[in-house]
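Feature annotations, reproduced from TrEMBL:
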type	residues	note
TRANSMEM	7-32	transmembrane segment
TRANSMEM	44-65	transmembrane segment
TRANSMEM	72-94	transmembrane segment
TRANSMEM	100-119	transmembrane segment
TRANSMEM	139-161	transmembrane segment
TRANSMEM	167-185	transmembrane segment
TRANSMEM	227-245	transmembrane segment
TRANSMEM	251-271	transmembrane segment
TRANSMEM	283-299	transmembrane segment
TRANSMEM	305-321	transmembrane segment
TRANSMEM	342-364	transmembrane segment
TRANSMEM	370-389	transmembrane segment
Amino acid sequence: MKANKNFSLLLIGQSFANIGDVLYTVGVISIIYELKGSATAASFVPFIITTCMFISSIITPLFVGKVPLNRLLVGSQIGKTVLLLLLGLFLPGITESNYYVVFMVIACIAFLDGCANPIRQTLIPYYVKPEKLMKANGITETVTQLIQAAMWFVGSMFLLFFSPQQLIWSVGGLFLISSTLLWLLEKVSAQVIGTAGKIEQIKEGWKTLFHTPVLQKLALVECLESLAGTVWIAAVLYVFIYDALKVDQQWWGFINGAFFFGLILGSLYCIKYSSLVGRKLESFLIVGSFLSFLLTILFSLNSIPILALAISFGVGIFTQVKNIPQQTVIQTSVHKEKLSTVYTSLGAISTGIFGLGSLLMGILTDIFGVRTVFVFSGLLLAFVSMIIYKNKSLFICHKYLGKERN
């Protein structure tokens with residue numbers, strides 16, 4: 001029961017934070033666009049967020065072992081709360097000449113998020129029994145994707161009735177509630193890495209990745225999937241909508257929404273059939289990765305808008321049917337004390353590759369055309385499915401098999 005209580009606090013507290021994150025992003029993009037009247041300036045928001053989260057993922061291991069994991073999580077959330085409240089106070093005085101202050105706040109919040117995200121994933125195995133991990137991961141993903149699907153629409157609607165400053169103040173309130181709930185979590189401490197220096201602490205997660213066979217393969221999978229996923233950013237998808245589907249820009253929202261609802265359905269499937277998924281982890285990883293590749297190729301060749309919606313929905317389903325079992329494999333592949341550094345290393349890989357890949361895909365789209373980059377994305381996912389199939393014996397949940405973890 002204590003585990004359920006802690007998991008509930010973690011889930012609800014993080015949900016308030018996720019709602020706030022979406023509204024905050026909507027608010028600051030609106031503020032920057034109003035100040036500069038430039039889409040280029042507004043596009044720097046995701047670039048800054050990705051860069052700062054990458055830096056944070058690199059140095060977060062320095063704090064692991066010195067500060068309880070739950071306190072790291074709540075500390076990052078309190079920091080975000082303070083930053084949002086300060087932004088709300090200074091917003092009336094921000095003009096075109098000093099708007100860089102908004103970018104500084106964005107950078108600091110992204111840095112704190114880069115610390116919080118791997119810690120949140122690490123805490124789940126501490127608060128949930130091993131046999132309940134699959135269901136817990138499914139519930140977490142379902143709630144996260146529901147928030148993502150709903151709040152981008154809601155946030156845009158809020159701007160019709162509230163000013164960006166009022167939106168920022170409301171986000172500060174949501175972050176405060178999140179901080180309060182996360183403060184109630186049971187203490188979880190990770191082991192200190194002996195007397196290792198700072199460089200050794202940073203390298204610890206990378207060593208674990210490279211010395212654990214299943215994590216080696218998953219790190220490669222993370223690289224390929226992060227690069228493949230950059231075709232779904234707005235800059236590339238907008239081009240596909242105009243050039244390939246030849247429809248209006250609102251179809252970007254429809255296709256994006258279909259993908260999110262596919263993610264939700266995939267999560268619900270993993271919750272309902274968690275025992276089956278747990279017993280057949282390698283099968284779900286293979287099927288999910290293969291069908292994601294196949295559907296991405298079909299999407300690249302398609303010119304029918306309605307069919308594009310259906311394919312995007314399918315990509316969402318099979319992406320999630322693979323991702324949730326994959327999370328469980330990671331969580332049971334090493335001792336819990338090493339999970340935080342493993343997740344920070346994987347986070348550095350995904351944010352670093354995604355940031356560079358977004359730029360690369362934009363260039364390739366201009367040179368070779370948008371259909372070509374989607375085919376390229378599909379081929380990357382084909383490599384993922386081949387890696388998983390070739391190493392399927394590694395992709396197991398040791399807890400289900402009663403084996404001791406590495």
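Every residue gets a Cβ built from N, Cα and C, even glycine.
Contact between the transmembrane segment (251-271) and the transmembrane segment (44-65) is not supported, since fewer than 3 Cβ pairs fall under 8 Å when only residues 6 or more apart in sequence are counted. The transmembrane segment (370-389) is not in contact with the transmembrane segment (72-94), judged by fewer than 3 CB-CB distances under 8 Å for residue pairs 6 or more apart in sequence.
The transmembrane segment (167-185) makes no contact with the transmembrane segment (283-299): fewer than 3 of their CB pairs lie within 8 A, with pairs spaced 6 or more apart in sequence. Using the rule of three or more Cβ pairs under 8 Å, pairs at least 6 apart in sequence, the transmembrane segment (72-94) is not in contact with the transmembrane segment (342-364).
Contact between the transmembrane segment (7-32) and the transmembrane segment (139-161) is supported by 3 or more Cβ pairs under 8 Å, counting only residues 6 or more apart in sequence.
Here the listed stretches are 44-65, 139-161, 283-299, 305-321, 342-364, and the one with the most C-beta pairs under 8 angstroms to the transmembrane segment (227-245) is 342-364.
Ranked by number of Cβ pairs under 8 Å to the transmembrane segment (44-65), the listed stretches 100-119, 283-299, 305-321, 342-364 are led by 100-119.
For the transmembrane segment (283-299), the partner stretch with the most Cβ pairs below 8 Å, chosen from 139-161, 305-321, 342-364, is 305-321.
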